[in-house]
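Encoded as structure tokens, the structure appears first; notes follow it.
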Amino acid sequence: MASVDISGVKKAYGAVAVMHGVDIPIRDGEFVILVGPSGCGKSTLLRMVAGLETVTGGEIAIDGRRVNDLEPKDRDIAMVFQNYALYPQMTVAQNMGFALELAGRSKAEIKAEVEKAAEILSLTALLDRKPAQLSGGQRQRVAMGRAIVRHPKVFLFDEPLSNLDAKLRVKMRAEIKALHQRLKSTIIYVTHDQIEAMTMADKIVVMKDGRVEQIGTPLELYDNPANLFVATFMGSPAMNILPAIVQDATVLVAGVATLPIVAEAAPGTKIAYGIRPDEIAIDPASPVKAEVIVVEPTGSETHVTARLAEHEITLVSKARLTLAPGDAIGLSFSPDKHQLFDAATGNRLAAAG
Amino acid sequence: MTLFSQAFRPVGSAKVDPVLIALWVSLILLALIWITPFVFIVFTALKSNATVMGASAFMPPTELAFENFAAAWWRGNFSTTAFNGVVITVIKVPLGLFISAMAAYALAKVPMRMNKALFALFLFGTMLPFQVMLAPIFRQVNAFGLINTYPGIILPYLAFGIPYQVFILYCFFSAVPKELSEAARIDGASHFTIFRRIFLPISLPVLSALLILDFVATWNEFAMALVILQDPKMWTLPLGLMSFQSQFSSDYGELNAATIMTVLPAAIVYLMFQRYFVAGLTSGAVKE
Ligand SMILES: Nc1ncnc2c1ncn2[C@@H]1O[C@H](COP(=O)(O)OP(=O)(O)OP(=O)(O)O)[C@@H](O)[C@H]1O
Ligand SMILES: [Mg+2]
């Protein structure tokens, strides 16, 4: 159990800089999830914490101790890889006990640790199998078992569930979360699945192009995104962003809808008006008219894509809608629920007090 | 009949596939071409000299003349040549493979500045034709005073065997996902431990294939041995066989018995190690 301090970390491959100064403070026992589009540097950052990549600049400290120049084995971390990386010629038990064996622990001790971890992960019946004889979900569990037996200060996960089917993913998500509650260990977890991030994390770090865009709890990021990137990245379906012009106490959205706003901006300013799909309702009485393009029932709710002026917007309704493409609908936007962003910088505009 | 009709159909199909028939026919023809001289050798080895001269070469022997083997062993000085062959092969083959495997691991998995250049050097080694090097090697070995010694022949064998083994093992090791060695590094394994505990076990099929090839090549090697091992006490089996041939060329039964005794160990080694060719040892290491 330990804190991890990532401060000003930079990474360059030769002349190519891929990380430009990343600061992430992580408290003891926190479950931190790194998200961001492909290529933004999540894996690279995780591998630097693990010691598998050198740190070009800045400092990584685990439990207050600078680890930049330590070997992976001396950092007291364990890592679960996306492809599991199990040792093919060893049994499940040998895979899980390998680190302890290398550390020179006694046979009895290793056996006890492995059995304890196998118990937690319900692998007891599989201890004598080889990785080739396991299903994907079981291999994933063995990879976690290999991490658990070492009682590391920090667990590192790099997209551990992305090779599993949807159902198993949901199950493993719950298992990892339960594991975290049980072990109370610090976890840094990389994923590009934002449902995974929202449901599991204590704290989410949104990254883009080797920079941190925002750090916060899942709901903070959802309710108060710092900029357009975070606003559209978190949440599914994504937040609607429409161009708008500020008027006196109102805003003209997409050139057609005049709506009240709660943000300080001088009249005439061009801004981006953001609203989540579930904050838009269908209201035949509304003067704002849109044309239905696609209707997607998911069972519990219905996603509707409609054209407002020349912009596509998505709305989510709990009701069973009988709409067909081409239908005209009226839209009402929940007042106060919008988020306004500077059209030029993409930064969130402060709400008026 | 059922076996035959199955062999000519694609799995799960009722139709006979003409391509499969053609493949089978060519396979059988090729096998016949390969087996014919061998049958001839075995038959002849078991015939007395009189029968060899009298009957057709492909007539099976009527009474088995096993005494050919004993006589050839004794007359061809097989105890000495076989002993030398065993010493040289048993030292050279495992040692060479071990060095090659370590070199290939270092080139493929240990980040070093010189990796590319060193690998190119090994590649260059695979391109040198061995015959061109015979004379310079003789001079070199002579200069070291190693003519007619085991090291004198084993060292050049190593030099010529290692490059192509390194090349093949390098390709194999490079294809092993890097996460496997990274996981081991995190588990606290040194490079040598990763090599011994992870890479050697998963490369068993490749290693045993290389071992068979190298064993056969070393066991049967002739040109280099002829140049360096001049003392009959140091001869290997192929040299002994050649001398046997020139001395007793008319004694066909014994000559063929000697040939069989020369090639038999290679065949035995092949049979011993081919079972490690099992594929799929790496499957399950990482999600495919
Ligand atoms: N060995 C390398 N040499 C050069 N560039 C690299 C190397 N490894 C990664 N990169 C670059 O670093 C950047 C970050 O890569 P990284 O693997 O961390 O992305 P990621 O966020 O994990 O993406 P994904 O979600 O696709 O896994 C990418 O632009 C990638 O091209
Ligand atoms: Mg990645």
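Using N, Cα and C of the backbone, Cβ positions are placed for all residues, glycine too.
As recorded in TrEMBL, the features of this protein are as follows:
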type	residues	note
DOMAIN	B:82-273	domain 'ABC transmembrane type-1'
TRANSMEM	B:21-46	transmembrane segment
TRANSMEM	B:82-105	transmembrane segment
TRANSMEM	B:117-138	transmembrane segment
TRANSMEM	B:150-173	transmembrane segment
TRANSMEM	B:194-217	transmembrane segment
TRANSMEM	B:255-273	transmembrane segment
Beyond the flanks of the transmembrane segment (B:21-46) by 6 or more, those residues with Cβ under 8 Å of it: 7-8, 52, 57-61, 64-66, 68-69, 252-253, 256-257, 259-260
Contact set, same chain, for the transmembrane segment (B:194-217): CB under 8 Å, 6 or more residues outside the stretch: 89, 92-94, 96-97, 100-102, 105, 109, 161, 165, 168-169, 172-173, 176, 180-181, 184-185, 266, 269-270, 273-274, 276-279, 281-282, 285
Long-range environment of the transmembrane segment (B:150-173) - Cβ separation under 8 angstroms, sequence gap at least 6: 84, 87-88, 91-92, 95-97, 99-101, 103-105, 107-109, 119, 122-126, 128, 130, 133, 137, 141, 144, 199, 203, 206-207, 210, 214, 217-218, 221, 224-225, 228-229, 234
